[in-house]
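What TrEMBL says about this one:
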DOMAIN    178-499  domain 'PDEase'
BINDING   254, 255, 256, 257, 258, 295, 404, 455  AMP binding site
ACT_SITE  254  active site, proton donor
BINDING   258, 294, 295, 404  Zn(2+) 1 binding site
BINDING   295  Zn(2+) 2 binding site
């Protein structure tokens with residue numbers, strides 16, 4: 001599973017540029033923005049032009065480090081989304097939508113289902129007419145009809161509407177089944193090196209494909225003893241993980257890789273802080289499951305947008321943590337499916353407590369509640385009592401918050417691409433807000449924010465204070481988690497000084513000295 005040589009090898013793709021084959025090579029550590037710039041250059045398209053990439057069949061190809069490779073016989077094509085090509089873009093989207101509709105029809109066997117339902121309805125109606133069924137039998141027929149309708153709804157249901165951030169809740173019974181069955185979920189054997197790396201915050205989350213990440217998550221549940229503790233059916237665990245993956249959207253930041261990133265950090269903190277010795281296995285299951293589910297079906301537009309735009313989601317939850325409430329709802333919709341219910345063998349009262357605890361943790365990830373939750377933990381940490389349920393609940397809320405925003409704990413080469421992804425998602429939202437005449441936050445405005453300005457305040461005033469408070473309870477995290485945050489703060493402050501010097505027109509000697517220091521090459525001759 002991913003040897004070191006293949007993990008660090010550059011990726012090669014082939015483009016069709018004016019009828020000629022163009023080879024493009026890039027590092028797997030490149031950010032999506034860097035890859036887009038490279039594609040523009042290779043395709044003779046001006047920089048900063050909005051682009052999309054398609055395969056020979058016209059299907060969209062994601063532009064990120066994990067994009068599938070191709071060959072000179074199956075060329076990708078980069079298309080500029082300039083004003084003059086809007087017609088082609090619309091035709092292409094219509095083509096893609098038609099393909100998706102056809103695939104859904106085949107996947108859900110809608111025509112076969114309609115025929116089956118019609119035949120069964122006719123049979124039931126004939127029974128009522130010819131046999132003069134009694135009242136009890138008629139009620140049974142009604143129940144059969146209801147089950148058939150529910151089955152048709154669940155197998156033919158899907159998202160409705162064109163706006164990715166405005167929801168249609170008319171189908172409350174919608175079922176969220178994984179689109180792949182378990183046999184197509186490859187079995188990976190994790191190497192001992194990978195097993196040990198999974199327990200550390202330095203784990204490089206960019207090297208793994210989705211199926212590999214699913215196998216890693218499956219391993220975590222087995223390793224922590226959660227499969228045995230909750231008497232989970234291993235096949236049900238696989239189906240549940242597939243259902244989870246299928247219900248994360250392909251956003252630049254809030255996607256399944258972010259889900260895996262947060263869950264792996266949670267697994268790492270559980271091991272680093274020796275939590276199984278201090279808390280129950282049920283607590284471990286709550287922490288891991290909340291981490292896996294915490295951003296389900298995130299639309300890529302935050303709570304502020306939802307509230308200001310008065311989306312159906314904001315209306316449904318009365319402007320109170322609309323996204324986090326939605327993540328919880330989707331999580332338990334998936335768990336409501338018998339084939340995906342990993343807690344099916346847990347007693348009812350115990351399940352109610354687990355459900356409430358998971359909801360509490362997911363709702364705690366709303367950054368609007370950051371100050372409230374951290375202040376509460378600060379009041380408890382100096383006299384923390386692991387036998388006090390209120391103390392333990394507060395700790396679990398802080399732990400999921402730490403994991404949710406922990407990217408800067410990781411090495412720079414792992415953390416920095418996440419900043420690019422987050423800014424890309426921010427810019428998508430701020431562009432939309434400008435178009436719709438809504439307020440725009442300065443830290444999300446492409447005309448006002450830079451990487452250093454985006455990160456320095458967040459690291460200094462949010463991350464370091466929270467992790468240093470946790471360090472009072474678990475001193476062992478200082479070297480491996482807190483110190484990297486301090487180093488990251490210093491790194492971005494150095495970058496900001498260079499930006500400021502360039503903006504103010506300071507002497508070139510000062511800029512060169514700063515450049516050498518940031519590069520770690522004071523002996524470099526320029």
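Using N, Cα and C of the backbone, Cβ positions are placed for all residues, glycine too.
Overlay of TrEMBL annotations on the structure.
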residue: 254; record: AMP binding site; CB count, 10 Å: 25
residue: 255; record: AMP binding site; CB count, 10 Å: 21
residue: 256; record: AMP binding site; CB count, 10 Å: 21
residue: 257; record: AMP binding site; CB count, 10 Å: 19
residue: 258; record: AMP binding site; CB count, 10 Å: 22
residue: 294; record: Zn(2+) 1 binding site; CB count, 10 Å: 27
residue: 295; record: AMP binding site; CB count, 10 Å: 25
residue: 404; record: AMP binding site; CB count, 10 Å: 22
residue: 455; record: AMP binding site; CB count, 10 Å: 26
Distance check, please: Cα of residue 256 (AMP binding site) against Cα of residue 294 (Zn(2+) 1 binding site), rounded to an integer number of angstrom. 11
What mean pLDDT does the predicted model reach across the domain 'PDEase' (178-499)? 95
Cα-to-Cα gap, residue 254 (AMP binding site) vs residue 294 (Zn(2+) 1 binding site), nearest whole Å: 10
Excluding 258, 294, 295, 404, which residues of the same chain place their Cβ within 8 Å of the centroid of the Cβ atoms of the recorded Zn(2+) 1 site? 254, 259, 262, 291, 298, 365
Whole-number Å value for how far residue 294 (Zn(2+) 1 binding site) lies from residue 255 (AMP binding site) (Cα to Cα): 11
Taking every pair from 254, 255, 256, 257, 258, 295, 404, 455, which the record gives as binding AMP, the longest CA to CA distance in angstrom is 23
Measuring Cα to Cα, tell me the gap between residue 258 (AMP binding site) and residue 294 (Zn(2+) 1 binding site) in whole angstrom. 10
